[in-house]
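Below is one structure; the comments refer to it alone.
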Amino acid sequence: SQQIQFADDMQEFTKFPTKTGRRSLSRSISQSSTDSYSSAASYTDSSDDEVSPREKQQTNSKGSSNFCVKNIKQAEFGRREIEIAEQDMSALISLRKRAQGEKPLAGAKIVGCTHITAQTAVLMETLCALGAQCRWAACNIYSTQNEVAAALAEAGVAVFAWKGESEDDFWWCIDRCVSVDGWQPNMILDDGGDLTHWVYKKYPSVFKKIRGIVEESVTGVHRLYQLSKAGKLCVPAMNVNDSVTKQKFDNLYCCRESILDGLKRTTDVMFGGKQVVVCGYGEVGKGCCAALKALGAIVYVTEIDPICALQACMDGFRVVKLSEVIRQVDVVITCTGNKNVVTREHLDRMKNSCIVCNMGHSNTEIDVTSLRTPELTWERVRSQVDHIIWPDGKRVVLLAEGRLLNLSCSTVPTFVLSITATTQALALIELYNAPEGRYKQDVYLLPKKMDEYVASLHLPSFDAHLTELTDDQAKYLGLNKNGPFKPNYY
């Protein structure tokens, strides 16, 4: 009964001569790019092969088939992507070199569920170099770089992910990571809480034996606190999302750069003079607003928190209710981690060609389900770009079906991900090696000393030189000369 119509994929290319229509000419080394422009820098697109990876029999060069990726033959391209990422992730590489001798993760069996990109691949290979065994699935059905997944599979990481998974594929991949004969995970690295939720619900006996969970998103952390409050969290968990090195860097600076990248690649929109509403003025919202304001957009903010709302006012943004501006805005961006922030009622009232996208982790912020009804027509115009057409001809441009814009439609700056990845690696090392009783069955923040250590590892990239306190100054401030310099609640 659903009338979902996809425009012919080739339609958009027929308007151009071949040279500009297809990027593969400029990348003659690749096996001809089959994607559209907005391909998240990936050689492979989900639509280029109708056979599901689950139906394929693939083995890597060592004869192992302990993985499920789009195309193992893409491994060489993926390896190049990973090598490029390593250049800008020097802190993770130096952590790898420092800790390689002592192998602080020897015996760790880590099951992970994150975005699978060149940057997270550097993290995975660092964890393996530190002694861990890893099995990995994707936390987002669109963000996997297929050739990177192939390179990891070739290197021996049990990875189950491809770009464009169905909902069923998504849970199947997670299950394949957890449910293995003769291999039981003892650590979880999660982004969004789906993996933790799956293990907790489906494999309670495995969950009880987990030594620690590291979680890096608002949504996942929220779920952990709910479990803890209900007295059902039987393992210690580290809330990396609220560590300073995640909040102030990944959420703020990463989004400040990648919001424009994702919107430009998908829609070619000009921001000067456009009216944009950003829902949520946390660190992600702050980054998005700063970038849009710099390009001359008129930016409105919606907020539930009076403190964040006051910050938005002080930064020169009008704080409004979404319903007040929905008829006039050109772009709507959600950054809340909540659900039903943009409802069907809002979507019905939007003006023609309004762009709607999400920068929060959860895909529930925009009520996409309400758009899958017979009276609305869906038209695929590019990879990750759908026009939803109302009976009167009005169109709304929906990006990545309401999922994470920057990782689905573009890439994110490698250097910022180095900071988050180093934080995650240290959190795993801390929880795995903690003596009995240091961490109870609760959710913890990363110790401030560790936050500061992560930051210090990244300073050499800028040739930055720290000032050292004199003994007298340290005594005056009541601090240790070597830190931590801020209290844990900061």
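Placement of Cβ uses the backbone N, Cα and C atoms for every residue, glycine included.
As recorded in TrEMBL:
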- T117, D191, E216, K246, D250: substrate binding site (BINDING)
- G282, E283, V284, G285, K286, G287, E303, N406: NAD(+) binding site (BINDING)
- 26-45: compositional bias 'Low complexity' (COMPBIAS)
- 251-412: domain 'S-adenosyl-L-homocysteine hydrolase NAD binding' (DOMAIN)
- 1-65: region 'Disordered' (REGION)
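Location within the structure of each feature annotated in TrEMBL.
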{"residue": "E216", "record": "substrate binding site", "Cβ contacts under 8 Å, 6 or more apart": "T114, D190, D191, V240, N241, K246, T420, Q424"}
{"residue": "D250", "record": "substrate binding site", "Cβ contacts under 8 Å, 6 or more apart": "V416, L417, I419, T420"}
{"residue": "E283", "record": "NAD(+) binding site", "Cβ contacts under 8 Å, 6 or more apart": "Q247, K248, N251, L252, C255"}
{"residue": "G285", "record": "NAD(+) binding site", "Cβ contacts under 8 Å, 6 or more apart": "V278, C279, V301, C308, A312, C335, M359"}
{"residue": "K286", "record": "NAD(+) binding site", "Cβ contacts under 8 Å, 6 or more apart": "L252, Q311, D315"}
{"residue": "G287", "record": "NAD(+) binding site", "Cβ contacts under 8 Å, 6 or more apart": "N251, L252, Y253, C254, C255, R256, E257, I259"}
{"residue": "E303", "record": "NAD(+) binding site", "Cβ contacts under 8 Å, 6 or more apart": "G280, Y281, A309, A312, V319"}
{"residue": "N406", "record": "NAD(+) binding site", "Cβ contacts under 8 Å, 6 or more apart": "C254, C255, S258, I259, D261, G262, M359, V412"}
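T117 (substrate binding site) is 25 Å away from G282 (NAD(+) binding site) when you measure Cα to Cα. Looking at the residues that bind substrate per the record, T117, D191, E216, K246, D250, the two CA atoms farthest apart are separated by 18 Å. Of all residue pairs in G282, E283, V284, G285, K286, G287, E303, N406, the annotated binders of NAD(+), the farthest apart have Cα atoms separated by 22 Å. Put simply, V284 (NAD(+) binding site) is 20 Å from T117 (substrate binding site) when counted between their Cα atoms. The predicted model assigns the domain 'S-adenosyl-L-homocysteine hydrolase NAD binding' (251-412) a mean pLDDT of 94.
Applying an 8 A CB threshold to same-chain residues 6+ apart, the list for V284 (NAD(+) binding site) reads N251, L252, C255, C335, M359, G360.
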